Ligand SMILES: *[C@@H]1O[C@H](CO)[C@@H](O)[C@H](O)[C@H]1NC(C)=O
Ligand SMILES: *[C@@H]1O[C@H](CO)[C@@H](O)[C@H](O)[C@H]1NC(C)=O
């Protein structure tokens, strides 16, 4: 079974210019660029991928396309969360059959589930697919805030991984230092990336890596693999302002805007969401240029 680790890109979903469809060529070009930069995995259909803007058919299409373009070079972790068990099951079964290495499951995000309900949902997905599950912990969107011990208890029903987008550094520390025999926590909060890798996280699921894949991979090699904190700090000084910027705005809009200012066409966002305004475009452009120095 695949060992997920390293820089796993929370992939954007490129659209055609009228946003009526996923743009296959743009998606393929982006995936080539990311794999060439050395990223270790692709995570389509998450928050950065605007999954709430996609139909079920498009979510399946996106998973299939990413698996096709990745062509076995890096694992694909398909976002398959939904508002009901039936929806999430359908997407997860589809992703597993299509060849996804794992599924990333965010629980229902309008009405919060409780821990018992969450375990029921994840157990059904586990039984029906057999692929590893990455639990997507994002309390700000789901209303479900679990303690580190509760998160680790998801291993009882076969959950192996966790994307931690809680922004809670002490909770991440507890998961890494005290609960790693039960569940493997990936950092999923941009501005905590340096800390998470330095504290021993096996990887990060990271939206900024769409824009700065080389820097993201270099940070991983330097901090997580070599343990060179001094050099890692220099790299983080470049990446951090971009991470802070992305987290200060609509995240998917900020990532797509960051790509556009570096000349990569994304097709923009689906209404009602819009790209960032001109002053912010200039701001992110200069942050990206500074990072490239
Ligand atoms: C979740 O809610 C159900 C239904 O009210 C209840 O039976 C169960 O004990 C709750 N679980 C937790 C962990 O609160
Ligand atoms: C948590 O891990 C740290 C570092 O390994 C250890 O010193 C501490 O005793 C652990 N705490 C608990 C509650 O297990």
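Cβ from N, Cα, C; glycine included.
The shown structure was predicted, so the numbers you read here are calculated from the model rather than taken from an experiment.
Residues or ranges marked as active site, proton donor/acceptor by TrEMBL: 136. Sequence annotations record features per position, and here TrEMBL assigns active site, schiff-base intermediate with substrate to 163. Annotated pyruvate binding site per TrEMBL: 48, 205, in sequence order.
Secondary structure from DSSP puts residue 48 (pyruvate binding site) in coil.
On a Cα basis, the residue listed as 'active site, schiff-base intermediate with substrate' lies 7 Å away from residue 205 (pyruvate binding site).
Counting every protein chain shown, the number of other Cβ atoms lying within 10 Å of the Cβ of residue 163 (active site, schiff-base intermediate with substrate) is 28. Applying an 8 A CB threshold to same-chain residues 6+ apart, the list for residue 48 (pyruvate binding site) reads 10, 11, 12, 207, 210, 251, 252, 255.
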